Structure formats: structure tokens, C-alpha cells
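Positions annotated as domain 'FeoB-type G' by TrEMBL: 4-166. The GTP binding site feature in TrEMBL is assigned to 11-18, 36-40, 57-60, 117-120. TrEMBL lists 22 with the feature Mg(2+) 1 binding site. What TrEMBL records for 23, 25, 26 is Mg(2+) 2 binding site. If you look up TrEMBL, you'll see 296-316, 322-340, 352-376, 396-422, 434-461, 467-486, 664-685, 692-714 marked as transmembrane segment.
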């Protein structure tokens, strides 16, 4: 390669930017339909002719002002890394709104190329856009693309590289007139900024002045640490603000936005867009939204969709789940036959196969659920769910944007609390963010699913979909009630307004849905093959060592000798010997490190119906919730006398006399609410502080245990 070039992809949320990034680079970043999906910076690369092209996918943002984390990240990349060109991805059906970000790029001065995306939808609506004329007026290249199909991506790359080479990295800031009220102040501010070289090593002088007039917190705060000019600029802004409020009944920030939109309208009025004559024709999206987001029918349809999703999952997943159970049963039997008795056999069969197999057995159910979730996300319906939930969330001191962290965390089953906690970055209010961050782990994430599925199969097999639906509703209810409690006590504050762009409905592509499903399923499988495997082996060791003392082993051997000597009936002898073997296996497990830990907590945990063996699984669940199932698998395997006759884990639990349906309900509640997994706790600390992360761990565990005790005690004492 002779040289390299860096292209930054930018655009509003739901402009198709990330889809185009995937089409260009082949990356597999998930595509959704809600603001803020690309929270972190993503990169890809490719070779074009003799150039190595690096593509940076910037977070979706509406402006370059410091109103959100996404806008700050995008601005920082542009200013600090100086990509060769910014390709602004614009929704061709919403040109006026999306050009607002492009105008700010022009004012910053960085080389910009405009990409009119979703041209297929624009054509369906009868819109005809004169791209050549638009390019002439904006003085930058304009290309048409359809990101979903990859149409236009080659032209985009070639024109972007050609234009970047022509500009040679030179920034040429656009100067817009903001009227007599602001232009005079701007010119005076620019003069001071240039004279003092105030921030001009990073930004154009006029752009800094505009940021001061827009009350950009990041620029104003940074300026105060540089020099006295900052305070002079703030005084000038205060005077302008007073003047605008007095004479125009507006603010400088609003005035700047008005003039930018005025510029956009003046450009578009020059016959840029030819619209169909039937301007009053209602679009399909509007018709669907009138029903799907209706105040009465919308929530009913939403609950119906969720319930149907669970019903389909269990109906279709039952048979392949049986195949997986049979496979791991066969694998365990084969390993038992091939590996001599001893520690190695115990490690492979009990630690690895039964531990990991218990988690892997739920792959069919989880794959089906992820498939349906991917379809709902890519169709645009998930954004409507967030929109409808805003009405409810406000009653509990939350924000409409809290819906997406909840959904991502598993609010519609199968998510993950780690990206859910990270998604709280889209919340502008620190207090709303904190309340959301603490309660998002209540959601039934993909790691908790195997635990719920195991207990449902053991005790509620006749009502699987209904129980799973109830768990989901219960998780939402607890998240909302706890949020209300927090927002009324230790995290008080006023709610902020909610604005969310609803993307048009789209028919998801089969390829896109399958890719998104596979990404999530593979993440689950990979976790089972790495984290869960490692923790399963560690827990197997903890449940195996130290070995039972010799005197206790001898006592069991004496019992065997007595039975062999005194019991003549072969069948009766076999039964009694099997009983002794089972007692020894249980005694060995209880004597182990894990057994002693579980026994230590048993005097307290028994109030919720948890015995020492359940305690072992719950302690392991602090590392990852899937470990609960793998620990049960290992624990029951270590206590299993004849591996070849081993029943499925759900059957073993159902027939264990220490279990009943109230124990199962109690455990479901505790697992749903207790401490987040370790990775989530670390993420919470990064997004807030270690103090709040520890608070969440302790508070959630105490809340979960208190409710589990209440349910178990009421169930066993009053309802039986």
C-alpha cells in the first residue's frame, strides 16, 4: 500500500450509518432502531486500489454540541484524530432534519461528503432529489446509497478518497451569518480568541465563539482552565443572552439553530426535492403507528406480542432441547466408559460435561428467542415499545430513554446487563441514569434464562410460557417500584423531557436477522466454552476437595461389608449398597470446600428454602448467572451413583425431597433480583462509581433475599 486514509462515518441515529459501516467493512456490529446503539467507537479497514482505508464508525448524534456522551465522543475523534474526511450519512426521506448535523461539520471546517442513504425508501415515497444541484450548493460531493443492500458503497469510497486527496487535510470553516444581533458579538469574540490564540490549536476561532454562545459545557469548562480570555468571553455571552431575551424573547442558542435551519431551507427551496403531487397520502408507518402505539390498543398488542414470543419459544424449542440433553447424556456415558474411574473421570464427566452441558442444553430455546427479538428490533417495533413505555416510566421517576437499557438488559428476555448498563449513557440526567443503572440488572438477562428454564421444566412444565411471561412482568414491576423508591429518597430530582425519533417500519432481511441471532447465540456459546467452563472446573475442584477423611470412608466401607454379609437377596442388597454409595457421595460433597461454604450459609438461607447445595450454586452465580445451572449439574452429578442411568437435571431436582414448587419460586425471585454478575458490577463502577456499584450489589441481594423468604414462608406455611 502506498498510503493510508481515514474516513469517519457520522450521522443521526437511525440514518443507516452502522448498516453502511457493516456493508463497507464486513463488520458484524448489531443494527437496531433506537438512538444511541453505537455507544462505543467502532473501526474497520479495507484495501482500495493502492490505499489502505480505515473506517471509523462514530456514535450516532444529532449535533456537535456537548449535550450527550455520543456528541462528545464524535467531536473528540474529529478534532483530536483529524480524519481525512467525514462522510455524513443522511436519511434521504428526512433531508431537512439531517442536514443540521452536516451544517455543523461545515462550520467546523473538516472535509465533508454527504451520503443520501435509504434512497429506496425515498423513491417509494415518490421523492426525487437533485444530488448534483445539492452538491453544487453545499460545495461538497453527494452520493446516493442503500445501506441495506450495499448499493452505492463503492462510489462512496472512491469519491470520498478523491475529495479527501483534493482537500489535502485542509480545514475550511464555513461562516454563516446569524443576523445583526449575533454577528457583531461573534466578530468581537473571534477577535479576542484569535489574539489570545485561545483554543485555536484545536478549533477554528469562530467555532469556539459559537460554542460559547450555545453554552457548550465542555468548551466553557475547558476554557476556564486556559486563561482570563474565557471569563471575558463568558461576560460577552451574558450580555448577548440578555439582549436576545429582552429584544427577541429567545436565547442565542435557539437563534443559532433558527438560522442554521434557515440556511438549510434556503438550499432545499431551490428545487432540490421534487415531491409527489399526492402530498396528503398517509404512509404505511403512520397507519401502523396509529394502531401499534395507540394509548389503548398499543400496550395490549405489546403484551400479546411478548406472550406469543414465549409461547413460540417453548413450543418450537422442546424437541431440539431434548436432542441436546440426549447428546450430552450420551457424551457423559461415553466418557465414563472410556476413562478409568478416578479424579480425571470425575473432572471430565462431572466438572466439564455435566457442568457446561447443563448450560449448553438451553441453546435451542435461547436461539429461537434471540431470533424473534432480532426480528422485532430490525423491524422498528422495539423503538415503539420504548416510546410506549415512556408513559409508564415517568410515573416511576424514570425517563423514556430508560426503556432501552431495560430492554437491552433482558426486559424482553435474553439480553445482557453489561451493554444495558452501558446504554444508560444516553440518559442526560445523572439521577435518572443512576436509578436506571441500579435497576437494569433486575431484568431476566440471557444468563438467568437457563436457571429459569431449568426450574420451570422441573416444576411448571404445564405452564411454561405463562410462568416465563410472569417472570418478565415481575422483573419490570420490581425495577419500576425500586426506581420509584430510589427517586423518592436518595436519588431525588426533576424528570427531563423525552424526545425519541421513531424510525419507519422496515421488513427485516433474512440475512440480517440470522446474523444478529447468530451473534448473540455465539456470544452465549463462547461464554459457556470459556468463562462457564473455567468456573465449572474451579467449582468442581471446590466440590471435590478435600476428600472425605479416612475414618469416615472406612465407616462407609464397614456398612458395605455388613450389607454384603447379612443381606442375601441380591436385589435388596443392590438397593442398600446403592443407598450407602449415595450417602458417601453426599457426605464427600458436603465435606468439600464448597460444601462447607454452602453449609455455613444454610442456617440463614433455609428461611428461603435454599439448602447448602443451592447455596454453592448461588455463590458461583456471583461470577456469572449461568454458573448456577452448571453448578447444579456438577453437584448432582457428583452425587449420582450410576451415570448411565442419570436423569435430566430438571428431573433430578424435581424428585429431590428438599425441593418443592415454593422453593423453585423463591429461587426464581432471588436469582432475578440478587447481585449482578461480576462483569456487570465492574461496568456499573465505570459508568457511575464503585460506591454505587457496591450499593447495588448489597441492596439487590438484600431485596431479593427478603422477597424470597417472604414467598417461601407464606407458600409453605399458609398455602400448603
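Cβ atoms here come from the backbone N, Cα and C positions, even for glycine.
Since this is a predicted model, take the numbers as computed values, not measurements.
Known features from TrEMBL, placed on the structure.
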residue: 11; record: GTP binding site; Cβ within 10 Å: 29
residue: 14; record: GTP binding site; Cβ within 10 Å: 25
residue: 17; record: GTP binding site; Cβ within 10 Å: 28
residue: 22; record: Mg(2+) 1 binding site; Cβ within 10 Å: 22
residue: 23; record: Mg(2+) 2 binding site; Cβ within 10 Å: 20
residue: 25; record: Mg(2+) 2 binding site; Cβ within 10 Å: 20
residue: 26; record: Mg(2+) 2 binding site; Cβ within 10 Å: 10
residue: 59; record: GTP binding site; Cβ within 10 Å: 27
residue: 118; record: GTP binding site; Cβ within 10 Å: 26
Non-local residues, at least 6 beyond the ends, that sit with Cβ under 8 Å of the transmembrane segment (352-376): 305, 309, 312-314, 316-317, 320-321, 323-325, 328, 331-332, 335, 382, 385, 412-414, 446, 449-450, 453-454, 508, 512-514, 516-517, 520-521, 524-525, 528-529, 532-533, 536-537, 539-540, 626, 629-634, 636-637, 649
Distance, residue 118 (GTP binding site) to residue 26 (Mg(2+) 2 binding site) (CA atoms, angstrom): 19
Intrachain neighbours beyond the transmembrane segment (296-316), with Cβ under 8 angstroms and 6 or more residues off its ends: 365, 368-369, 372-373, 376, 381, 384-385, 388, 412-413, 464-465, 468-469, 472
Secondary structure of residue 11 (GTP binding site) (DSSP, helix/strand/coil): strand
Per-region confidence, the domain 'FeoB-type G' (4-166) (mean pLDDT, whole number): 86
Cα separation, residue 17 (GTP binding site) to residue 23 (Mg(2+) 2 binding site) (Å, whole number): 10
Rounded Cα-Cα span from residue 118 (GTP binding site) to the residue listed as 'Mg(2+) 1 binding site', Å: 15
Rounded Cα separation (Å) that holds between residue 25 (Mg(2+) 2 binding site) and residue 11 (GTP binding site): 17
Spatial neighbours of the transmembrane segment (434-461) far in sequence, C-beta under 8 Å, 6+ residues away: 358-359, 361-362, 365-366, 369, 397-399, 402, 405-407, 409-411, 413-417, 420-421, 424, 427, 467-468, 471-472, 475-476, 478-480, 482-483, 486-487, 491, 520, 524, 527, 624-626, 628-629, 632, 648-651, 653-654, 659-661, 664, 667-668, 671-673, 676-677, 680, 684, 687-688, 692, 695-696, 699-700
DSSP three-state assignment (helix, strand or coil) for residue 118 (GTP binding site): coil
